[in-house]
Amino acid sequence: MPPAKISIRDLNFYYGDFKALKNINIDIPEKKVTAFIGPSGCGKSTLLRTFNRMYDLYPSMHAEGQIILDGSNILAKDMDVNLLRARVGMVFQKPTPFPMSIYDNVAFGVRLYEKLSKAEMDNRVEWALKKAALWLEVKDKLRASGLSLSGGQQQRLCIARGVATKPEVLLLDEPTSALDPISTGAIEELITDLKNDYTIAIVTHNMQQAARVSDYTAYMYLGDMVEMGETDQIFTNPAQKATEDYITGRYG
């Protein structure tokens, strides 16, 4: 396995008294795509949200253990969470463009963390939209509302917004589940391109998608990490019978 970008050690996560993640120990390799699969409620989206501490917004939720990003424990009390979220971008299940222009959607996060001149911001917005394979479709209407775009375009706009702050890690929580097959294919191609520059973790219910886009796959069940390995191995020769049962449709 390549060097780890994120190392998770003895991670437990709680919703109040409910233990949603149980003693997770895995490494997320750098500049690869790692997919998390498993039935609804298995903890895969919860795990993804620990990587940028989204749960901090909810007082009843807390994590224990360590999540090491480039040598620093992001669960430490003195971690600058705003800076963390600049380093670890996130794209959600449904496209979430802000009710503002396409340009301002992309510039929004950058303005929080950097002081750029107008020319520098123009260049950053163009760069991010090109990264998200959206520039050619919107370059002549940057002042139009982000809400005016199609669903697939909106999701690519959200990816552009996510990469505009130049994060090191990109979290994708079922990024194509609300999209049509053509838009899904475009996002999957984009994911393959983006891994050249980013460490990507994706949650998906679509096992065919996991097989297509990921280098590594982790199977979770009821808050446990059942198995993680190279995607080809997980799908053709899993070590655990529970993984095989899920992948072959015998689960449940």
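Positions of Cβ are set from backbone N, Cα and C atoms, glycine also.
Summarising the annotation, Swiss-Prot assigns ATP binding site to GLY38, PRO39, SER40, GLY41, CYS42, GLY43, LYS44, SER45. According to Swiss-Prot, the feature domain 'ABC transporter' maps to 6-247, an assignment based on sequence analysis.
Taking the mean position of the Cβ atoms of GLY38, PRO39, SER40, GLY41, CYS42, GLY43, LYS44, SER45 as the ATP site, the remaining residues of that chain whose Cβ falls within 8 Å of it are THR46, MET220, TYR221.
Sequence-distant neighbours of LYS44 (ATP binding site) (same chain, 6+ residues apart, CB-CB distance under 8 A): PHE36, ILE37, GLY38, VAL203, ALA218, MET220.
Long-range Cβ neighbours of SER45 (ATP binding site) (same chain, at least 6 residues apart, Cβ-Cβ under 8 Å): ASP173, GLU174, VAL203. Within the group of binding-site residues (PRO39, GLY41, GLY43), the Cβ with the highest number of other Cβ atoms inside 10 Å belongs to GLY43. For SER40 (ATP binding site), the same-chain residues 6+ apart in sequence whose C-beta sits under 8 angstroms from its C-beta are HIS205. Ranked by how many other Cβ atoms sit within 10 Å of their Cβ, the binding-site residues GLY38, CYS42 place CYS42 at the bottom.
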